[in-house]
There are 2 protein chains.
Amino acid sequence: MARPKPLSGFPEYLPRGRMVELAVLDTLRESFELHGFANIETRSVEPLEQLSRKGEITKEVYVVRRLHAEDNDRGELGLHFDLTVPLARWVLEHSGHLQFPFRRYQIQKVWRGERPQEGRYREFTQADIDILGQGELAIHHDIEVPLVMLEALEKLHDQIGLAPVLMHVNNRKLSEGFYRGLGIEDTLAVLQVVDKYAKIGPQATCELLVDELELSSQVAQRCVQLAGIRTLDSGFVQQVRELGVRHPLLDEGLEELVTLVEQAHHRVPGRLCADLSIARGLDYYTGAVYETELVGHESLGSISSGGRYDSLASDGKNSYPGVGISLGVTRLLDPLLARHEFVVSRSVPSCVLVAVDDEDSRGVSDEVAAMLRSRGVPCEVAPRADKYGKQIRYADRRGIPFVWFGGLVGEIKDIRSGEQQPCDAHEWSPADDDRWPRVLPAE
Amino acid sequence: MARPKPLSGFPEYLPRGRMVELAVLDTLRESFELHGFANIETRSVEPLEQLSRKGEITKEVYVVRRLHAEDNDRGELGLHFDLTVPLARWVLEHSGHLQFPFRRYQIQKVWRGERPQEGRYREFTQADIDILGQGELAIHHDIEVPLVMLEALEKLHDQIGLAPVLMHVNNRKLSEGFYRGLGIEDTLAVLQVVDKYAKIGPQATCELLVDELELSSQVAQRCVQLAGIRTLDSGFVQQVRELGVRHPLLDEGLEELVTLVEQAHHRVPGRLCADLSIARGLDYYTGAVYETELVGHESLGSISSGGRYDSLASDGKNSYPGVGISLGVTRLLDPLLARHEFVVSRSVPSCVLVAVDDEDSRGVSDEVAAMLRSRGVPCEVAPRADKYGKQIRYADRRGIPFVWFGGLVGEIKDIRSGEQQPCDAHEWSPADDDRWPRVLPAE
């Protein structure tokens, strides 16, 4: 068989890359669970009609069918393209068994049937947190959810040297209230144009609003002025007020946003700004909206996005309003791994290689390894009873820091320093930093 | 939207069920890493021709294609149906970057396009460990791999009360050598018939060997006698010898198997037996083969299977012999979860609910929670400033054991005992057993 080639859009990693990913996933899990979010997984497939309700996205769905399915089976199922649509379905299915507000996190692969193209992922991992109410959900959760994600990202900054982030937040009520105050009726259309602001700039946004939506130049100008407002503190309120537009929904949005910005300023200073150009294309957001840049890596686009939705899921009896935010784990990590932004202290979990004198005494080495493992020290036994120099090179090539010689009472060599000393497998432990592979920032 | 219905073959769990699954996956991961296995993930899809090389299995593949793909795109990719075929491809692709012997574990979902049917999974999780050599791989790894899996299963027995297991092992060389010693040429055909022994019994096996393979009644009888041998210790050697067949390959197989059985007897007594009916249908096994029963749940079939393969992966230059074993996580857990075999101490990660006096002082409660979390105590803040009785019921319904009242210096109530006492968030910690949700055997 010839050497296989990678499939575009389906990233895979060597063990070191996967160790970085696992470190990130572990930190996310711990952060989310410390905040009381319970984990669920949903199946990878949904009935196709469930996935294709949102016009445009239909194009990106991967259809799944049995190789020998009859023709009438065709196109029944599709791979999920996010974790929000499956959550809405899952909550409706299980609502009778859940306590609300229901806090869940979900870390899974999702798929998009994109054409192969640079920077487009066809299989990638997302990490989502959402809080769902039954009938109602208090507004303070709109502040809680982005702060939980920021706290997790801050831990990644501290632990593995991930670049700091800046979360950009807005509120749909603010924008919609402002547009209505200007007499605009189709506020969603304006939002969808303003969504391009960061890419195309104020001038082009204004032209689109005039040309496509037939707004007057004066009204379009005000929409663009609103989108241009960005502050790290509550200063945005004054700037909005100075534009002279009044509407009760605008007041509500301003109040919600100022509370969020002030609390974030207190809890994670410098990591969140009000950015009134943030619109989010999807039509289901009804309040707070979030996007997140990795500072110094803005070209990655938003690595973590979400918002408040009031009616994503609803059965006859109840609606389930919610607020959530999603981290694009692959979108964040894949480019950083490609640029070697992280260093992993070794390529295997083993902290110790137990040397083997000869094949007859392999059992002795096995016993040493078993004793170390019972005390939580990852280790492996040398695969061949080679000369010691060769066994040390085996460890060295994998970055295993220690080689054990002899039986339960033997000697251990730190191959980094060359130091060798007597030790007892019942007692010996490595330094905490050496026990498991560590992920560190490069340089 | 009407209440959605589950899809047959695609199991999903409520948070408590997922907590059991996570506890199992965490134990597997820790066990495998303590033995120096590095984690990898492979993409979910493989080119269809890669998946369809093994005749029969083709039927069960899920084909994946873009919803709006052109006709010539059709059927290009399929979801992987195990983790061995992707491993073979991955190793060939990355061999230049790997150190051999290469030890990896992989825990991922796999898919089979089965017709919906009781007990058939169409999406399920497998946990595999394999050790791969380049050109050669020492025989002691054939002993190591099943012992690692048995150790992991023993931990699950100790930690969450999973029933004990009995691993049945055989060696292809032993069976093939025996058949050759009897003058049989198509040994694989005999193996495939003997594979049915456990299901259909000795009589029917013998008839199939005579009717389908045209063996003489006497030769068939001997094959069935061999398959009937099962011992917890090395007693099987004597029993095989008494059948009076001689062949060098038989000797080799006997020697390998006796070493495995003796070492297992030493390391995990009572958990492994020689069972000379074990054949494994797949044609790529060349030495040791393993199957595993959950004691008292034998109807689940084998929950963990594998073996030695000498030529699964090969490029022009090198072959990559290996030995591996796979645990069917879903196959094991799904029926046990349905029978409520486990108890989880609560349905959320939170150990503490921080009560809220009124919405104006929510910030104080947030501070208490932040302090507790910084010290590794999972907690959540009450969603509403209800009367205390209602907030306590909120905790009770989720199984959260503690409710905090007041500020950083406040009072904590253990709602199981009703005991309430003063405490300081800078110092207070729960008992170790209370900090995170625990999984325990039912009763």
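Positions of Cβ are set from backbone N, Cα and C atoms, glycine also.
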Candidates A:R65, A:R66, A:R112, A:R267, the one TrEMBL lists with A:D82, A:L83, A:T84, A:Q126, A:D130, A:R280, A:Y284, A:Y285 as binding L-histidine: A:R112
Among ranges A:312-333, A:400-421, A:422-443, whichever one TrEMBL labels region 'Disordered': A:422-443
Tally of DSSP helical, extended and coil residues in the compositional bias 'Basic and acidic residues' (A:424-437): 4 helix, 1 strand, 9 coil
Residues near A:D82 (L-histidine binding site) in space but at least six apart in sequence (CB under 8 A): A:V110, A:Q126, A:S326
Pairwise Cα distance maximum in Å, L-histidine-binding residues per record: A:D82, A:L83, A:T84, A:R112, A:Q126, A:D130, A:R280, A:Y284, A:Y285: 22
For A:R280 (L-histidine binding site): DSSP state (helix, strand, coil): coil
A:Y285 (L-histidine binding site): tally of other CB atoms within 10 A of its CB: 23
Tertiary neighbours of A:T84 (L-histidine binding site) (same chain, Cβ under 8 Å, six or more apart): A:D128, A:D130, A:L312, A:G324, A:S326
Integer mean pLDDT for the domain 'Aminoacyl-transfer RNA synthetases class-II family profile' (A:24-349): 92
DSSP three-state assignment (helix, strand or coil) for A:T84 (L-histidine binding site): helix
Cβ neighbours of A:Q126 (L-histidine binding site) where a neighbour is any other Cβ within 10 Å: 21
Neighbouring C-beta atoms (10 Å sphere around the C-beta of A:R280 (L-histidine binding site)): 19
